[in-house]
């Protein structure tokens, strides 16, 4: 008799996606981050829903409503810090997931890759708006600085900024609309994730060797469900350790001070996961140039499939490309570090050098290294 999971229309959908899904037998722990991102999304929506029940999106009451959640609501403190640190874990998983895609050549699955980039941009927008909601000093000034970047757009810039603000400065209307978008975007992310999976299952998963694995596939369940559950437990261990022992570690102390438009913090900076892009923005003295560089630092991912000149999909057997890949990873860590430092010598120079290296590695060095490796293959 045929199992119900193969007959029932709804269960059949789940079955084809998570149970009987043919999966390459050799995918490593780097393939765990997709399911971890799904877990992060569920965690963020759940905790966010409970926070929204007690939050007040108004400039006069937002900060005190956060204090009320933390002090008076049953387990409000853990819900709040799980949501804040859950966002950090979300981005760690996201960066590692993208890093794996770059290393093993998953970007050649164009539809999946492009939807992934849209997902990244949507997640970044959601996180930015969420950071504004507690209405602390860094929330207010972060929102002011980042939304002000729109004024770099010629002719319509100033009008656009005032339109986004809902007035002549960041105030209650800005907070209300940011809360609205912060609430709706995770559901849009969920829909995009479904599309991401749909396109992925059209081609099947990539594998570390970067070769077709049709002749050697196994069912997703029980092999990879067990592997994913192990990954989930390790993820929860790190998240709970962070949340229970050092909840404010990744945040900014300035955000525990109520927003004050008359007092600018000495060093305005976004959350740690945006610092690499923030450094690239600051490295260019021209405002419009900085904004374009900021956008390109993310949108450059769309060019990766075009810049792929190697005859091999994966970097597993390409030592030169591996060297440049880890150079790029180190460069991103340097950019992140510089973003958290004040705008003074030597940090400005280091930031500019790291920014140039970031674009040079992706646009010039990696394609050249791939061509050299192709030649080396011919010599052997």
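Just so you know, glycine gets a Cβ as well, placed from its N, Cα and C.
Note on Swiss-Prot: of 8-28, 113-133, the range annotated with the feature transmembrane segment is 113-133. Note: the stretches the transmembrane segment (226-246) and the transmembrane segment (347-367) are not in contact (fewer than 3 CB pairs below 8 A, sequence gap of 6 or more).
Shown are the binding-site residues 196, 201; of these, the residue with the fewest other Cβ atoms within 10 Å is 201. Sequence-distant residue pairs (6 or more apart) of the transmembrane segment (320-340) and the transmembrane segment (347-367) include at least 3 whose Cβ atoms are under 8 Å, placing the two stretches in contact. Comparing Cα positions, residue 182 (heme b b562 binding site) lies closest to 196 out of the binding-site residues 97, 196, 201. Tertiary neighbourhood of the transmembrane segment (178-198): same-chain residues 17, 37-38, 41, 44-45, 48, 52, 55, 57, 112, 115-116, 118-119, 122-123, 125-126, 129-130, 132-133, 143, selected by CB-CB distance under 8 Å and a gap of 6+ residues from either end.
In sequence order, 33, 34, 37 are the residues of the chain that are 6 or more apart from residue 97 (heme b b566 binding site) and have a CB within less than 8 Å of its CB.
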